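Per TrEMBL, compositional bias 'Polar residues' is recorded for 26-35. The feature domain 'Fatty acid desaturase' is assigned by TrEMBL to 144-388. Per TrEMBL, region 'Disordered' is recorded for 1-56. The feature transmembrane segment is assigned by TrEMBL to 228-250, 257-279.
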Amino acid sequence: MASAGRATEPGLPREMAMENGDTAGQRGQQVNGEVSGTPRLRGIGDPLLRDTTAPDGSRTEVMAAGWESGPVLGDEDGTPGVAPQRTGQQEEALMTELSELVQKVVKSSSWWERHGVDISILACSFLLLPAGFLCLRSAQTIPFLAGVLTLGVVHHTLTVKGSHLASHNALTESKSWGKVWAIFFIELCSAFTVEQATYNHVKIHHGYTNVIGLGDSSTWKLPFLNRYIYMFIAPLAVPILTPLVALDLLRNVEWKAALRTLCCMFLGFYCHYWLLLHVSGFQSPWSALLCMLLTRSLLAHPYIHVNIFQHIGLPMFAADRKPKRIHLMSLGVLNLPRNALLDWSFGHSLISCHVEHHLFPSLSDNMCLKIKPIVSQYLKQKKLPYNEDTYGSRLRLFLQRYEELMVHAPPITDLVGIQ
């Protein structure tokens, strides 16, 4: 699947390289089974302190990062605007420096590293489809379960990893082919609409990560469900809810796009259904539909969990007082440990390289993994947060504090300084 048309020069996309904004001097923070709460930021000279309430109810101190509570040196009269201007320059410098480090790695990487590895994983998943459908023909338990497992993993690899990479145009350097892959993975395989998926995920979630009312992951909250139903039973309904939500969102797109989406959704469902009847040998429509539900919800639990674990419970910000990009992403994003099954099915950018992905969203999963040592070392060197936690630890946290994290409105993190 080489790039078609006029491909861009390998390297960081323009929007990735030019998105600047961070604050120097922030202390690193690691999440270990606790809500990270509000960051403690180190200032120049005597910092201004303020108590804020973290999601777990604890009180934490917030200090100005690179902002003085008094007049700036050489500015005895305390002229307003000098310190924020200086801070803004520091923020731009940090993100620019990190982007340049990543740019060097990307430019020195081959096409195989930038795109080939992830395309190969998706291609291997397609090649496993015949084996999965044929295993379901068996009357024996083990081959049948092997077929369910194979089709379940393949389905999530195509719909989660494939759709995610396609939404960021990370599978190719050609915009034309990027559009084709987006339609294929998002609409045909995932039964969703490209326009709304791209808008909600790329524009809102990535553009306003952990900004309350925008990219605060509140769409994942169902406060009318109790913790055990939400965490362990509700995920089974994801294959049913996804196309229903997509149909509702079609009201917001042009009729041509809506018609295309409907055709792709129908084709994807019908192909799956037809293969179960004519290749796997299911005798009744209901048994085929039940198998479809089983395979499409096989990894729905970690899918829901990962989406809430990596943002909810971390600092949240008001839209008019959010920090610059590098702070926003380092504060509001969390990495989980590597996991062979989830790395294959969901991709590194959604599991162990989520911080890297939010900083450089147009990179493929393999490239996010490659730049991970550079990003983590840089953030820690600059005393910026690099949040990491285990899957089990986050699961225990959400079960223990479900009401605080998933029902009540999150507290706003306030970075105090010269206003």
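Placed from the backbone N, Cα and C atoms, the Cβ positions cover glycine too.
Could you place the listed features in the three-dimensional structure?
Mean pLDDT, taken over the domain 'Fatty acid desaturase' (144-388), works out to 95 on the 0 to 100 scale.
If one looks beyond the transmembrane segment (228-250) by at least 6 residues along the same chain, the residues whose Cβ comes under 8 Å of a Cβ in the stretch are 190-193, 196, 222, 258, 261-262, 265, 269, 292-293, 296-297, 300-301, 303-305, 395, 398-399, 402, 406.
Tertiary proximity for the transmembrane segment (257-279) is limited to same-chain residues at least six positions away from its ends with a CB under 8 Å from its CB atoms, namely 130, 133-134, 136-137, 183, 187-195, 243, 246, 250, 285, 288-289, 291-292.
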